[in-house]
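Engineer: Sharing a structure below in structure tokens format, with a few things to ask.
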């Protein structure tokens, strides 16, 4: 037998405005029975509200308990050590002379004891100072006096060391194309440069005279390194070739085949007979110098490997890439140890500090410093060069140099990240202004001479200004207000 059906009353459709008005009417009936006037003020609630506001605003301020005036026969008595400072009211106010301290306020303990003007006396216990400010002084004056006594926290950022500014003292011409790479001889007598004219030229450091020209590459020479263990020089270029030159015979004795595209960077291991090259095939290849065999292909980057350096201890290989990452490699297994993703643009240049366990990397967004061996981020350099940085180098004195695509050369203090000199290179006559790019930079073995390779086909040599002093070239340094954590 079916259950009896109950008829459901139809719900009246009401507009949103009508429903909100009904809700408002219900609220008024609940909380405000008299619609025409406000409810009378509640003195107890007002008192609670005011006392809470006063406690929040003036929690460290206490009224001074009035003390009876000192007797004249106690003048010879030595007062105890005290650091409290009583600030006098403006001259001409009569009310301050009688019972002014009854309504004075005491600003909480300060750590510094200020020098008092004449007529101000100390009160309070020893060890901490207490500042007494009369109540009839205006709030503006009271804030000024409190701020003057407040302890200022010094910046924890290291102050930069003074370095003499660097000046260009020699311009060497001879290449017929962009100069793309540079390397110094371990004896510090000569240096070599590779160019887009497909030649390698060897120059005398002292005089800047051309000593030798080597030909053999069929594209521009992008990487150079001179061995400190053998009489060998290594070169790499856009022609996919990596060559080993015997400097006793001045000819190529080995070639290392394996790169699938142009080779952009090259580095020699400091203690092993191992050569590292990185290129457009996104791989850093590890070669045995003697047997010409490829030991590892360090694959993991998603784009061109454009910078590499090596060190004797782990991580022995560090690479920077156009995929904005820096990778640490384990040379025993050919595997990635860690990846740094701090940069947002291509990491085109890196440099290892000759003394500290730290390195710096440069990209168009920022120049960053990292510690080794873990790769912990230290800090950014304090200003941005705002250009593509192709070259960077640092010497033992802590002077780091970065060279940009627009011809800007910035010199930095390594410890603090302060840029103490910002100069622009001057293109040689006959070159376009757009050819003021810097592609390579390298210090000599003493760190007192700098060589830059430029897009106007010249090589420029720099040294410190001997006549500069801290008085003639003071440090214009302001510590950063906020420190970025990445």
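Here the Cβ of each residue, glycine as well, is placed from N, Cα and C on the backbone.
On a predicted model such as this, the values are computed, not experimentally measured, just so you know.
Sharing the record's features from TrEMBL:
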type   : residues : note
REGION : 63-100   : region 'Disordered'
REGION : 465-486  : region 'Disordered'
REPEAT : 172-213  : repeat 'WD'
REPEAT : 214-255  : repeat 'WD'
REPEAT : 256-297  : repeat 'WD'
REPEAT : 298-339  : repeat 'WD'
REPEAT : 382-422  : repeat 'WD'
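If you look at the structure here, what lies around each of the features I listed?
Structural biologist: Look at the region 'Disordered' (465-486): DSSP puts its residues at 0 helix, 0 strand, 22 coil.
Remote same-chain residues near the repeat 'WD' (172-213) are listed as 219-228, 233, 235, 237, 245, 250, 428, 437, 439-446, 449, 451, 453-455, 457-461 (criterion: CB distance under 8 Å, separation of at least six residues from the stretch ends).
With a threshold of 8 Å between CB atoms, the same-chain residues lying at least 6 positions outside the repeat 'WD' (214-255) that come near it are 177-178, 180-186, 192-202, 261-268, 270, 273, 275, 277, 279, 287, 289, 292.
Outside the repeat 'WD' (256-297) by six or more residues, the chain places 219, 222-225, 227-230, 232, 234-244, 303-312, 316-317, 319, 321, 323, 329, 331, 334 with a CB less than 8 A from a CB of the stretch.
Residues 264-271, 274, 276-280, 282-286, 345-352, 359, 361, 363, 370, 372-375 of the same chain, all 6+ positions outside the repeat 'WD' (298-339), place their C-beta atoms under 8 angstroms from a C-beta of that stretch.
With DSSP classes pooled into helix, strand and coil, the tally for the repeat 'WD' (382-422) is 0 helix, 22 strand, 19 coil.
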Engineer: Suppose you look only at the repeat 'WD' (172-213); what would the mean pLDDT be?
Structural biologist: 96
Engineer: Six or more residues beyond either end and a Cβ under 8 Å away: which residues meet both conditions relative to the repeat 'WD' (382-422)?
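Structural biologist: Non-local partners: 157-163, 165-166, 346, 348-356, 360, 362-367, 369, 436-443, 447-448, 450, 452-454, 475, 477, 480.
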